[in-house]
Amino acid sequence: YLGWPEGEYIFSKFHFWMNYSFKFIAETTFQQDYHCAASYTDSSDDETSPREKTQVNSKGSSDFCVKNIKQAEFGRREIEIAEQDMSALISLRKRAQGEKPLAGAKVVGCTHITAQTAVLIETLVALGAQCRWTACNIYSTQNEVAAALAESGVSVFAWKGESEDDFWWCIDRCVNVEGWQANMILDDGGDLTHWVYKKYPSVFKKVRGIVEESVTGVHRLYQLSKAGKLCVPAMNVNDSVTKQKFDNLYCCRESILDGLKRTTDVMFGGKQVVVCGYGEVGKGCCSALKALGAIVCVTEIDPICALQACMDGFKVVKLNEVVRQMDMVITCTGNKNVVTREHLDRMKNGCIVCNMGHSNTEIDVASLRTPELTWERVRSQVDHVIWPDGKRVILLAEGRLLNLSCSTVPSFVLSITATTQALALIELYNAPEGRYKQDVYLLPKKMDEYVASLHLPNFDAHLTELSDEQAKYMGLNKNGPFKPNYYRYDRCSKTTHHDFDYVQYTHFYCNVV
């Protein structure tokens with residue numbers, strides 16, 4: 001009774017409609033869940049290894065290995081969603097597919113297999129390439145997307161939750177195939193390049209070029225080059241401005257929060273966080289965490305990066321000085337053993353430990369697999385590592401890349417990187433003999449600017465044009481490039497590299513610009 005004459009009537013009507021609504025919602029939710037279960041993906045209930053299955057796509061091909069080819073329709077919808085925010089890459093596809101600048105290219109790729117990289121792969125196919133693909137991370141593959149690629153005819157070998165043995169088996173299946181030999185490599189992390197170099201040296205010597213997008217992979221290439229063992233030219237996409245400044249910085253600024261929230265439901269306000277490394281990835285992570293009220297400090301080996309952190313308002317510390325007080329420890333260095341067993345032993349109960357670098361070497365996870373420690377899986381990609389005294393450390397993705405293992409990344413930012421990768425492949429594949437030596441190169445500044453210009457229409461941005469007088473005063477071409485090759489847009493990277501002379505472009509690239 002609500003206190004007025006009509007109260008009982010109103011209350012009874014309200015009660016009736018609430019019961020009806022709850023019943024309707026419950027039935028609708030059940031139906032939606034049923035349909036989703038039929039199409040969406042993560043068939044974790046199916047424990048059969050994809051290597052033990054015989055699957056065929058609608059065209060009759062079995063040259064692939066994915067979790068479940070029946071998820072292809074759902075994966076196609078995921079790819080279509082990604083395409084909507086990757087308009088620049090789609091624009092490049094439309095502009096260049098008439099010329100087929102990658103006709104004859106046989107590209108073997110090892111990247112994260114997500115809806116966004118699927119758009120890149122299908123762009124390469126549209127430009128004339130034949131592609132075989134595998135995953136660079138055992139946890140980041142979107143099974144439904146891999147199925148969609150397999151259904152479209154791409155030979156893809158990947159599924160979420162591969163074992164280490166599966167990982168290398170998939171790479172080998174991409175490379176070692178009768179009647180098909182790769183002449184281009186697109187890599188993320190260097191594992192594919194390393195495998196071809198070690199296991200198939202004759203194939204490696206005939207490759208026209210390598211495109212590498214990660215800090216770890218680029219470091220491996222420079223090591224090969226320094227040792228005189230790099231017998232093919234390589235493009236360092238990681239240090240291009242369009243990768244370093246956008247993917248590494250802006251992507252990680254958003255995806256670090258997404259990955260932590262999805263896995264731990266953590267509240268950031270007031271949390272003590274240490275970020276190891278203040279490169280572009282570290283900058284993005286620190287910026288995001290600080291904005292949500294976390295108390296952030298930084299570890300660094302580079303005095304320039306350390307000074308940048310100080311000027312941005314972060315205290316620069318040594319990890320062993322602060323590890324006892326930290327609520328979260330995040331690695332972003334690309335190095336190995338940044339967080340050791342000694343650090344892990346000293347962490348407080350409930351400390352969250354994760355990695356935002358490409359490789360799983362930054363956290364010494366192997367040291368935690370000892371008899372006195374207990375591992376407890378709490379949810380997907382979240383483990384409690386329990387010490388004998390009951391202390392728990394929360395380890396995410398077993399020390400692998402957090403954002404792509406535990407969440408997703410913004411399609412728009414990946415469009416920038418993917419467009420850069422596509423242009424790098426086109427450049428290396430079409431370059432006349434002698435343009436590139438057996439070394440590591442950066443993309444020309446003009447190409448970076450072109451990639452950026454393709455993405456400006458998304459913001460309805462209008463560039464100011466130099467007058468003839470202004471261009472003469474600055475010593476610039478009115479159409480660019482607007483910065484010298486050594487200008488790094490306030491990056492602190494000091495990697496030794498070869499800058500490609502921007503005057504020399506392939507016929508295709510000149511036509512596109």
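Keep in mind that glycine also has a Cβ here, set from the backbone N, Cα and C atoms.
Database features, via TrEMBL:
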{"type": "BINDING", "residues": "T114, D188, E213, K243, D247", "note": "substrate binding site"}
{"type": "BINDING", "residues": "G279, E280, V281, G282, K283, G284, E300, N403", "note": "NAD(+) binding site"}
{"type": "DOMAIN", "residues": "248-409", "note": "domain 'S-adenosyl-L-homocysteine hydrolase NAD binding'"}
{"type": "REGION", "residues": "40-59", "note": "region 'Disordered'"}
Item to check | Length of the line joining the Cα atoms of E213 (substrate binding site) and N403 (NAD(+) binding site), in Å | outcome: 16
Next on the checklist: Return only the integer: C-alpha distance in Å from K243 (substrate binding site) to K283 (NAD(+) binding site).
Outcome noted: 14
Item to check | Distance in Å spanning the most remote Cα pair of T114, D188, E213, K243, D247, given for substrate | outcome: 18
Next on the checklist: Quick check for you: of the binding-site residues G279, G282, K283, E300, N403, which have their Cα within 10 Å of the Cα of D247 (substrate binding site)?
Outcome noted: none
Checklist entry - Considering only the binding-site residues V281, K283, G284, E300, which fall within 10 Å of D188 (substrate binding site) when distances are taken between Cα atoms? => result none
Item to check | Distance from N403 (NAD(+) binding site) back to T114 (substrate binding site), taken between C-alpha atoms, in Å | outcome: 12
Checklist outcome for this item: Going by C-beta under 8 A and a gap of 6 or more residues, the same-chain neighbours of E300 (NAD(+) binding site) are G277, Y278, A306, A309, V316
Item to check | Among T114, N403, the most crowded of the binding-site residues [Cβ within 10 Å] | outcome: N403
Next on the checklist: I'd like the Cβ neighbour count for D247 (substrate binding site), meaning other Cβ atoms within 10 Å of its Cβ, all protein chains included.
Outcome noted: 26
Checklist entry - So for K283 (NAD(+) binding site), how many other CB atoms are inside 10 Å of its CB? => result 27
Item to check | Densest Cβ neighbourhood among G279, G282, G284 (binding-site residues), 10 Å radius | outcome: G282
Next on the checklist: With every protein chain in view, what's the tally of Cβ atoms within 10 Å of the Cβ of V281 (NAD(+) binding site), excluding that atom itself?
Outcome noted: 28
Next on the checklist: With every protein chain in view, what's the tally of Cβ atoms within 10 Å of the Cβ of K243 (substrate binding site), excluding that atom itself?
Outcome noted: 27
Item to check | Cβ atoms near E280 (NAD(+) binding site) (within 10 Å, other residues, all chains) | outcome: 27
